[in-house]
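Chemist: As listed in TrEMBL for this protein:
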type     : residues  : note
REGION   : C:1-24    : region 'Disordered'
TRANSMEM : C:50-76   : transmembrane segment
TRANSMEM : C:88-109  : transmembrane segment
TRANSMEM : C:115-136 : transmembrane segment
TRANSMEM : C:143-163 : transmembrane segment
TRANSMEM : C:209-241 : transmembrane segment
TRANSMEM : C:253-271 : transmembrane segment
TRANSMEM : C:278-299 : transmembrane segment
TRANSMEM : C:305-324 : transmembrane segment
SITE     : C:T306    : site 'Important for channel permeability'
Amino acid sequence: MASSPPSADAPRESPGERPAPASERAKDALLTIPRGVAQVDFQPSVWTGLLFIVALFVGGWQFGAFALLGVVTATVTAHLLGVDRDRISMGLEGFNGTLIGVALVLYLGADWSTVPLVIGGAVAGSVLTAAMNAVLTPYDLPTFTAPFCVVALVMAIGAPSYARVWAGHTNTAPPSATDPGTAMTWTDFWHGFFNGVGQVFFQDTWYVGLIFLVGLAVSSPLAAGAAAVSSLIGLLTGWWLGAQAADLGAGLYGYNAVLTGIALTGTFLVLSPAGAVYAVIGAATAAGLTAGLTNLFNVVGGHTLTWPFVLVTWVFLAAVPIFSRIRRPA
Amino acid sequence: MASSPPSADAPRESPGERPAPASERAKDALLTIPRGVAQVDFQPSVWTGLLFIVALFVGGWQFGAFALLGVVTATVTAHLLGVDRDRISMGLEGFNGTLIGVALVLYLGADWSTVPLVIGGAVAGSVLTAAMNAVLTPYDLPTFTAPFCVVALVMAIGAPSYARVWAGHTNTAPPSATDPGTAMTWTDFWHGFFNGVGQVFFQDTWYVGLIFLVGLAVSSPLAAGAAAVSSLIGLLTGWWLGAQAADLGAGLYGYNAVLTGIALTGTFLVLSPAGAVYAVIGAATAAGLTAGLTNLFNVVGGHTLTWPFVLVTWVFLAAVPIFSRIRRPA
Amino acid sequence: MASSPPSADAPRESPGERPAPASERAKDALLTIPRGVAQVDFQPSVWTGLLFIVALFVGGWQFGAFALLGVVTATVTAHLLGVDRDRISMGLEGFNGTLIGVALVLYLGADWSTVPLVIGGAVAGSVLTAAMNAVLTPYDLPTFTAPFCVVALVMAIGAPSYARVWAGHTNTAPPSATDPGTAMTWTDFWHGFFNGVGQVFFQDTWYVGLIFLVGLAVSSPLAAGAAAVSSLIGLLTGWWLGAQAADLGAGLYGYNAVLTGIALTGTFLVLSPAGAVYAVIGAATAAGLTAGLTNLFNVVGGHTLTWPFVLVTWVFLAAVPIFSRIRRPA
């Protein structure tokens with residue numbers, strides 16, 4: 001079912017191939033970590049991952065440190081459970097853990113008590129990744145950041161019931177709570193443009209977003225271009241609908257558009273004029289969906305996370321077989 | 001996966017067949033519109049669709065106009081994206097757009113600003129229809145009005161966050177909010193009977209419901225009979241459980257039973273005595289589920305829409321392969 | 001699709017086999033009832049089921065009586081609809097009905113008006129069981145108690161809208177509502193240990209939990225051991241996170257861990273050291289998830305039920321094909 005998962009007793013390396021020396025394998029294991037961070041934005045590049053880690057530390061030591069805790073835990077869990085080595089090596093088992101680390105330190109505080117929660121969350125995220133892959137593979141859909149979204153959502157909803165967990169929680173009201181109004185200033189606009197890229201990792205400082213954009217460009221100029229255009233689409237969609245200006249400036253309408261735009265531009269779809277229009281519609285839809293999901297999750301103390309991107313991109317990719325004008329790579 | 005979607009490079013017409021002349025094709029394209037409206041009630045009939053459109057305009061010009069905007073947008077989007085021509089011609093790509101138009105004008109007001117929202121919603125509904133078809137086809141289930149339900153739900157939940165969208169919104173409290181009590185009058189009863197048919201299109205005037213019933217009878221007396229009996233089942237189920245009389249009179253417990261009843265009586269199931277009992281149980285279940293979903297969606301500002309019908313009918317059809325007494329058409 | 005459901009016209013008994021005499025078949029039909037109760041804990045044993053029924057009557061006559069009403073209704077419905085006789089005979093069509101009976105009498109009161117609701121709920125649960133089986137079988141997942149969870153959830157959410165249904169409802173606030181604090185006493189601890197087993201059937205008296213544990217041991221000492229260890233894991237997980245002590249003492253953090261632990265220890269997974277660690281992680285995850293789902297459902301008046309067990313166990317089983325270290329029985 002799940003695209004021929006590796007049989008447990010099959011040899012892991014083809015017979016004629018000589019196993020890599022230990023030093024080589026240690027180096028590859030180490031490089032898995034930055035690749036896991038880079039895969040949040042669909043890039044398998046070590047350099048992109050290193051720049052993303054730099055961006056996180058610039059945003060705050062706690063984001064960098066807990067991101068590393070998350071990516072390492074998730075990757076090690078996948079290894080211990082026997083996930084296919086290629087998936088691990090490409091960083092595909094690390095990116096949900098990365099985001100779990102960043103989200104939990106943001107919502108629950110940089111306390112020691114957050115450490116076991118990140119570890120537990122990353123382990124749960126690894127199991128969820130495997131389960132979702134089994135369910136989604138028949139439809140040729142990846143999990144995207146859904147495992148992270150599920151883990152962070154249920155932990156955020158449950159946290160207030162647990163005295164030890166809730167002790168260090170931080171206020172996470174959107175900027176518009178203290179600064180309401182729908183008139184977008186020039187500062188809102190250009191900050192919002194960069195923050196749309198940075199908010200994928202919960203960062204709301206413009207130059208952190210810029211480092212992420214540079215990191216993307218190192219791996220794929222096309223992805224960086226799609227991210228920039230999509231951040232703009234998200235910003236303009238939110239502005240046109242009449243969203244709060246402070247939230248637009250914080251990039252809250254941009255990051256889901258950014259991820260959707262990268263995913264639908266050359267990454268999971270064949271590039272074509274019709275495909276580009278399709279990607280624009282997808283990015284705008286993800287931005288427009290943001291407020292609905294935010295209101296929905298607010299009721300129970302959850303957060304929007306990257307749910308709009310996950311849901312919209314699943315729908316737009318699942319639809320492709322019905323549309324003769326749009327194609328997925330073979 | 002998705003029941004052999006048309007290959008993009010396959011010839012659209014069989015080799016020996018002569019392409020229809022342009023005037024013929026224009027006429028067929030035009031007739032797709034009423035068929036799209038009629039398909040809300042599973043009918044592929046042009047006359048039924050025309051009567052439904054008349055009913056909508058009798059209910060209010062804005063319902064007719066926005067329904068047409070929705071059905072045209074959805075159908076054109078499907079055509080542009082390259083959906084199989086047969087599906088489009090039967091109206092199967094239009095009915096979700098029809099309901100999106102009616103729902104949005106009801107909830108957000110007959111303003112110019114609602115026009116682009118209906119267009120955007122109908123485009124999203126078309127993509128969602130294709131995605132859901134890809135997922136549901138392996139289980140031999142149609143999407144029903146689920147794409148409409150999803151689009152209208154997320155737009156209703158998100159709308160208050162968008163100043164431009166929310167400007168013209170209307171109060172949508174149920175009749176029981178101003179007229180509480182569970183004692184059903186004779187007027188509640190017979191109004192409720194016709195409104196159960198009309199509420200499929202959000203109409204709460206008894207003679208509009210009557211026109212819809214006549215429209216159904218033109219295409220299929222069986223469907224009209226099933227609709228009438230199911231409206232009665234919904235009404236009596238709600239009354240027996242102790243629902244608010246004003247809501248019963250407005251048809252709020254009837255319309256999901258009506259759609260479920262038509263779907264399970266001869267449309268997607270083979271007619272049989274066991275099948276008829278099964279359809280009665282389904283219609284009563286859809287009515288009983290109404291309050292639960294209404295309370296659920298109320299929390300976040302959503303609406304019940306046709307969710308009870310969609311969920312109950314999916315469940316009752318998906319169960320059929322396990323039940324040797326119930327059959328689906330080959 | 002659904003693992004070769006019995007063809008309706010195929011002979012029900014193999015040609016050479018002589019049909020069992022009527023007395024034999026009546027006895028088997030009768031034994032289906034206790035088996036249906038025992039299957040709540042995955043046991044096909046008549047003796048286990050009888051002990052479980054005793055435990056329910058010890059907990060209160062209404063729990064025993066409505067459990068029997070539910071299990072009989074569900075089993076008869078499955079028979080009338082033509083479900084495969086083997087499934088019925090093993091009790092697999094009865095356990096969701098059992099829990100529907102116990103839950104509804106707990107939430108809606110031991111009134112005559114609850115009787116038709118249990119019957120209606122059990123019928124809906126039977127149809128839902130078949131539908132879920134059709135959807136889950138391709139992934140080789142059982143429905144578990146999901147049909148019960150869905151039926152009880154939507155009935156609990158909808159109930160306040162129906163005057164007749166809501167008349168006899170009981171207060172269902174958790175013990176911590178009147179007895180707050182996170183300091184666990186010795187009584188909380190050992191009561192919580194037994195109640196974790198009893199709460200699977202909504203029972204919060206320690207000796208009722210003990211009877212359930214004995215009932216499990218009669219059928220499978222391994223299952224009883226897994227239940228005991230898992231109840232402890234749930235208790236300690238909740239305690240470590242800082243849950244309310246009164247809720248821990250009532251077994252509210254134990255029962256989902258218990259069901260998850262039994263399911264992942266030898267029942268649906270091959271026993272192995274890695275599998276045991278996996279089961280421990282699963283049981284702890286189910287306990288940790290409890291608060292999140294409780295908070296989520298509280299918003300709309302729903303209850304936690306066995307949702308944490310269902311969701312966690314689905315995820316942990318669906319993930320298995322990706323993990324070479326964990327195996328399912330052939």
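Note that Cβ sites are derived from N, Cα and C of the backbone, with glycine treated the same way.
Curation does not apply to TrEMBL; its annotations are automatic.
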Chemist: What parts of the chain pack near the transmembrane segment (C:253-271), using Cβ distances under 8 Å and only residues at least 6 beyond its ends?
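Modeler: Distant contacts of the transmembrane segment (C:253-271): 41-42, 142, 144-145, 192-193, 195-200, 216, 222-223, 226-227, 229-231, 233-235, 237-238, 243, 247, 278-280, 282-287, 289-290, 304, 306-309, 312-313, 316-317, 320, 326-329.
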Chemist: Counting only residues 6+ apart in the same chain, whose Cβ is under 8 Å from the Cβ of C:T306 (site 'Important for channel permeability')?
Modeler: C:L99, C:F144, C:T145, C:F148, C:C149, C:V200, C:Y255, C:N256, C:L259
Chemist: Flag the pair the transmembrane segment (C:209-241) / the transmembrane segment (C:278-299) as in contact if three or more Cβ pairs fall under 8 Å (sequence separation 6 or more).
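Modeler: Contact criterion met.
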Chemist: Please indicate, using numbers and ranges, the residues of the same chain that are 6 or more beyond the transmembrane segment (C:305-324) and have a C-beta under 8 Å from a C-beta there.
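Modeler: Sequence-remote neighbours of the transmembrane segment (C:305-324) are 99, 103, 139-141, 144-146, 148-149, 152-153, 200, 255-257, 259-260, 263-264, 268-269, 278, 282, 285-287, 289-290, 293, 297.
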